């Protein structure tokens, strides 16, 4: 019996991305390199920001937290996935599955909130430069970061509590490479109509609202840049475009997967690769390599 005597299922079987041995070896090589890039890139950003006194503004504090979240997010999934790619039987205990699901949504929702705060920070810096230091002080920045983590924890706790109260007594095969809400609740031995909509309104609406706030912030930035256009604003336009590209890679797959009622599609696991692997790889590249101050500090380091 598993958690709280609600389930007869003691483990789940993950089907992974492919059952072809050659493809599994190819995927292992690719995801190992991607995981190494995420760790090295984001650790470099954290060390650079923490060791250079010049990088003490709220923008770099938020960037440092984003790098830490990316490390946590990819570490929840990648190590287990890499082991499974070399294993014949990809089994995960019920408790481990629930723990993976909890931590994934914890750091995932925290990242959504943090990206929204970062967009607001850029909006304040560009559209209200004279009031920036008053609006985004160090104290306010820490409060916002704490609120991001608290929001992620509350979101993940709600998701997990809705799942652990479901009975699991039948099939235990998950057509994915990690435990996520949609494929897991499909295995419950009960009517999940209400649970589906509760979870869709939770995860889906958070994704949509954060994405709309992000887009609105960048629209205000672009309007401000257009009205007060100077030669230096070409860099702002270029930076906004690259940031929107990364944000879109992260949010659109989440909206597609979590906003609808949880009828899973075979393509879901391939779409999940975008926000669990590609986005953490791209974040340190986009948010740091386009920033001259961070690059200069990295060279000094």
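Glycine is no exception: its Cβ is also placed from the backbone N, Cα and C atoms.
Per TrEMBL, the features are as follows:
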| type | residues | note |
| --- | --- | --- |
| DOMAIN | 41-287 | domain 'G-protein coupled receptors family 1 profile' |
| TRANSMEM | 25-47 | transmembrane segment |
| TRANSMEM | 59-78 | transmembrane segment |
| TRANSMEM | 98-120 | transmembrane segment |
| TRANSMEM | 140-158 | transmembrane segment |
| TRANSMEM | 204-224 | transmembrane segment |
| TRANSMEM | 236-259 | transmembrane segment |
| TRANSMEM | 271-289 | transmembrane segment |
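With pairs at least 6 apart in sequence, the transmembrane segment (204-224) and the transmembrane segment (98-120) have 3 or more Cβ pairs within the 8 Å limit; the two touch. When pLDDT is averaged over the domain 'G-protein coupled receptors family 1 profile' (41-287), the result is 85. Sequence-distant neighbours of the transmembrane segment (204-224) (same chain, 6+ residues past either end, Cβ-Cβ under 8 Å): 109, 112-113, 115-116, 119-120, 122-123, 126-127, 155, 236-237, 240, 243-244, 247, 251-252, 254-255, 258-260.
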